[in-house]
Amino acid sequence: MAIAARYHDGQTAEVHAVGLDYERQGAVGAVIIRDAATRAEMARWTSSDIFAVHGRQGELRLGASGHTDGARLVISGDRDIARIRATLPILAEKRRAETGRQLRLAALATAALASVIVAYLYGVPLLASRIVNLVPIAWERSLGDTVARQMEASLAAEAGFEVCDPDPDSAANRAIARFGAAALAGSGSPFDLDITVVRTDVPNAFALPGGKVYFFSALLERAQTPDEFAGVLAHEIGHVAHRHGMEQLISTAGTGALIGFILGDMTGVSVAAGLGATLIDSRFSRDAERQADRFAADVAKRMDFQPAGLADLLDRVGEDDDFTKAFALLNTHPLTDERRAALVDLTRERPGDVEPPFTLAEWVAIRTMCERHPAGKTKTR
Amino acid sequence: MNGQGQPVAFTGTRRELGAILLRGYLLMVLSIGIYRFWLTTWKRRFYWSNTEIGGEALEYTGNAMQLLLGFLQALAIFIPLYSVFFYLSTQSSTTAVIGYGAIAVGLWFLAGYAIYRARDFRLSRTLWRGIRFDQGGSAWGYAFRRFGWSILMLVTAGLVYPFMAGSLWRYRYANSWYGDRQFGFTGSWKSVAKPYYLAYLLVIASAALALGSAAALGAFKGGFPSARAVLVLLLGAVAVGIIIINYQAREMSRMFSAVRLGAAALAVKVEALGLLGQYVRFGLALAGAYIVLAIGGFVVLNTVAPDAFADGQFQPAVLLAHLRGSAATILALITGYLLIFAAFTLMSELFLGLGYWKLVASGTRVYGLETLASVRARDEDKALVGEGLADALNVGGY
């Protein structure tokens, strides 16, 4: 008995009520599509050409390769569908093959994306250190100025921004500048250092792109020896010499692009993007910290101070200070046991016959440069 | 128009769509997001195959690979754009603001192109009674029109909207095809002018009334406004929402009813109450989902970072410290973010997307279907790969 179906021939939009018969000639089977009323043959689909396309529940839709693209047979009702499936086992085979193909495609695309991500995680920091050499010096300098302005403005709004000793020719500033120039000498850095000691109660020190270094008074007050102060300062100058600020910026931009790609919103900035980028960047910053430490140790070979003083100072801030205040410092300068051990090792390599970085008078001047002077002596920049 | 016309039926269920979506989200996590192209394809198959016009269901013939390729093509535009973003972010704030503004305007223009291309992709992959739909016209032409109209919208404070709607609907439908038969659009600005300007005035009046009463109750004198002022503002917002939804229902009814296909015509009646009910159901479902998630999230965070909640106070700094130290906390936070995100998209798909589709389908009758039997197939528009930009710009609807 013929199975009732609806037939779209793919050439006109007419719907034909048809009956389906199955005919076998040797090894080749075929579905004969006959008009339901006249029993006239309308088309003949070889069973190996037939495939099922997606249809809703309770409906089977068939197409056939080699026939018009849009030609379809639509069979409704569970009983008739079961009969067709039994007659054409190839439908199930093709379906399995297609599911497998889609699965492989999705798996392949996922694997490709995963390898892009891995390449990115390792490649971006590496690439950033190459690209940074292509960044024009003038551009980095003006970028540093922009960042400095923004930072000063935000500090001024929150904690107050006041340069401790605005006179560049004071004993303290001269000593700091001399130390900076000596530390940077020989590194081949194209930047001129601009070290500013700022009065604020957040203990921190950092370097911006373009050679600007900020040292906050709260951190200076914690320094008990010139070694600690010199260690931190040399470390920050290391960031300048290695252009880490710029490198970090390039790396962050790169990871942001990747996360946007994964989430599919190239236009939106989402929370996950920020979180993910932070996780990736922390990998990068650990390497940068190590490099800056090594730079500080190299400086200590030319001037007599203990680079491990840097670790002592970070430790003290971590222990004493209220967590939220110290957070920024420790976040950018995570002090791990491994890092401390490396610093102590580096300290051992020092020769014994070099000059200390500051004379006692200079150190006293630096220590007191942030103490409140009589009115009129300091001014807000 | 002869006779009663034929109804459009939608046979899909919320449960079916929910299963497709949940399975899709899970696979998306496993495939680092790549599965979204397959999920879109499954979703469309669900919508298309369950939409029955005159007894015959639609068929979506597109596949995930086309969408994936389209997305990769769109990246070719976005990666250079991203470099520009980066460069701008390093510039002085004035340059950056001007640059970002220029890019936003450019993206707004591109969105018009993307919307039109995406519509082309969907139409040319829609099969009904063995014949494909298609879209002609120029995507750039549409983008220019839409962009020009949106500038006029800004200049006229929205008064030009009926003209824009008339023009863009006409462009879309006059360039749509079913086989060798061209769609037409009999509507114009007149179709929506009356309800639009009425709604416009009502929105201004209720907003002014609410703001005025709130000001009289002292809401804007600094400090925290009184409960009564907040209530008045809330009522005003609800009133504005109802007016807008009511207008949306009218616009949809009138504009869809102006669509012609030769001698065949659509008659669409979207009930404003039905549309409103959808938003209410969506709001309730979302609130329910978030309450469940919030309880779950609190329990989980309490387990991984108990001291962040010590003394009955939440301490973000302590939580951050945990973030740096413990992989479990990071994992919990990422999972939480994904769940919040998934709950939102799930509820908006289930209640807004599906609800809208069902509402339009159940309100639609098609007249003169019998005249379509003579439509013949046209060559397929095979050049089109994916929706590219639309996917990257996130402007695709269904």
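Just so it is clear, glycine is given a Cβ too, placed from its N, Cα and C backbone atoms.
No curator has checked TrEMBL annotations; they are predicted automatically.
Note that this is a predicted model, so its numbers are computed, not measured.
Only residues 6 or more beyond the boundaries of the transmembrane segment (B:20-39), in the same chain, are considered here, and those with a CB under 8 A from a CB of the stretch are 46, 64-65, 67-68, 71, 338, 342, 345-346, 349-350. Summarising the annotation, TrEMBL assigns transmembrane segment to B:20-39 (among others).
The transmembrane segment annotation in TrEMBL covers B:67-88 (among others).
Residues or ranges marked as transmembrane segment by TrEMBL: B:94-116 (among others).
Non-local neighbours of the transmembrane segment (B:147-169) in the same chain are 108-109, 112, 185, 187-193, 196-197, 200, 251, 255, 258; each lies 6+ residues outside the stretch with a CB under 8 Å from one of its CB atoms. Annotation source TrEMBL lists transmembrane segment at B:147-169 (among others).
According to TrEMBL, the transmembrane segment annotation covers B:197-217 (among others).
Long-range contacts of the transmembrane segment (B:229-249) within the same chain, counting only residues at least 6 positions beyond its ends with a Cβ under 8 Å from a Cβ of the stretch, are 195-196, 199, 202-203, 206-207, 209-211, 213-214, 217-219, 270-272, 274-276, 279. Summarising the annotation, TrEMBL assigns transmembrane segment to B:229-249 (among others).
Under the heading transmembrane segment, TrEMBL lists B:283-305 (among others).
The feature transmembrane segment is assigned by TrEMBL to B:325-347 (among others).
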